[in-house]
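Everything on this sheet refers to the single structure shown next.
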Amino acid sequence: MPIKLPDTLPAYDILSREGVMVMPEDGAAKQDIRPLRIGLLNLMPKKIQTETQFARLIGASPLQIELSLIRMSDHESKNTSAAHMDEFYRTFSEVQATGEKFDGLLITGAPIEHLPFEDVTYWDELIQVMDWTQTNVHSTFGICWGGMAMAYHFHGIKKHMLDAKAFGCFRHVNQAPASPYLRGFSDDVLMPVSRWTEVRSDEIAAAGLSTLIGSDDVGPALVEDADHRALYVFNHFEYDSETLKQEYDRDADAGAPINVPVNYYPGDDPTATPMNRWRSHAHLLYGNWVSELYLTTPYDIEQIGLASTDLRK
C-alpha cells in the first residue's frame, strides 16, 4: 500500500518520479482499510525538502500511510511560502482541539541547537506537544534536536556543545541487533551527522534509556525510551545524497567556520560528487518503525493512550 498525500503537495510528484508508491487522497478513500496515521511536526526551515525526505522513508512501507503535516501555532516560517503552509499544514493547536490521535509522530530537528531549550520561542508549546504524545500518540520519533528536546523534557538529559561541529558520515556500531527497530541492520552503520551538540552515553544510561546505535566518535545515535513509547535519533538518516554538500557550500560561501564533511566526498574532495551510503539503513529503520506501529497500535485508534496490543502474541 502507498503513502496517502495530497496530489498538489510537491512531494507527491517528486516521490512518484522516484518510484515511491503514493496515492491521492480520493483514491485512498476507496480502500476499505484503516491507514496508519502519522504526523510530521516540521520544525525545519526548508519545509518542502523535509516533508519529502520523511514521506520517502515512511512511504516505502507496504502499509497505507496517512501523513499529516503539523506546525507550531505561533511560529511563522521564513523560508516556505505562506500559501504552502496554509494549504498543507495545520497548527498544533488545531490538531489538539480536534482530540484526534495518531499511530506515530515525527518531531524533526531545528537549527537552534546553540540556544538553551527554554530560550526557544516555541518551547512552551513544544512541551505541550511532548506531553500530548503520551495520551494521543502511540509512538513518537524525535530526530536530532527534536530527539534531544524530548530526552531533556522527559529525563532532564542535557545537550552539550562540541568544540567543533560533528559533520559528515560517521561509522556507528549496532549495539542491539535483537531490537525490532534494527531488523536487517548490519553490524557497522554509516550515518550522516550535522550538529554542534551531543548527548552523552553515561547520561543516557543513567536515565534508564537504551542506546541501540552508537559511535566512539560522535556518541549515541539511536536511543529507545520505552516508558514514553519513543525513539530518539540524533543524526540524519533522512538526508538526501547532497544535503551535507548543501550545508557545506552554504557555510563555506558565507565564510563560516566549517570543515569538509568527514567520509562523505570521494577522496575528501568537495568538488567530487558525494555517494549515498546510508540509504538502505535509512529505509530499514523507518520501515521497521512503521512495522512496529502496525504490530502494536490498537486497531481502534481511539484506544491509543489507553491500550496497546501486539499482533505477534
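For all residues, glycine too, the Cβ spot is worked out from N, Cα and C.
Residues or ranges marked as site 'Important for acyl-CoA specificity' by Swiss-Prot: E113. The active site, acyl-thioester intermediate annotation in Swiss-Prot covers C144, and the record cites sequence analysis as its basis. The substrate binding site annotation in Swiss-Prot covers K165, S194, R250. Among the features that Swiss-Prot reports, site 'Important for substrate specificity' is placed at S194. Annotation source Swiss-Prot lists active site, proton acceptor at H236. Annotation source Swiss-Prot lists active site at E238, citing sequence analysis.
Features per Swiss-Prot, on structure.
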{"residue": "E113", "record": "site 'Important for acyl-CoA specificity'", "Cβ contacts under 8 Å, 6 or more apart": "W145, M148, K159, R195, W196, T197"}
{"residue": "C144", "record": "active site, acyl-thioester intermediate", "Cβ contacts under 8 Å, 6 or more apart": "T108, G109, S194, R195, V233, F234, N235, H236"}
{"residue": "K165", "record": "substrate binding site", "Cβ contacts under 8 Å, 6 or more apart": "S194, R195, W196, I258, N259"}
{"residue": "E238", "record": "active site", "Cβ contacts under 8 Å, 6 or more apart": "T50, Q53, F54, R56, L57, I143, A282, Y286"}
{"residue": "R250", "record": "substrate binding site", "Cβ contacts under 8 Å, 6 or more apart": "none"}
Neighbour tally for S194 (substrate binding site), based on other Cβ positions within 10 Å of its Cβ:
19
Report the largest Cα to Cα distance, in Å and rounded to a whole number, among the residues K165, S194, R250 that the record lists as binding substrate.
15
Neighbouring CB atoms within 10 angstroms of the CB of the residue listed as 'active site, proton acceptor', all protein chains considered, total 22
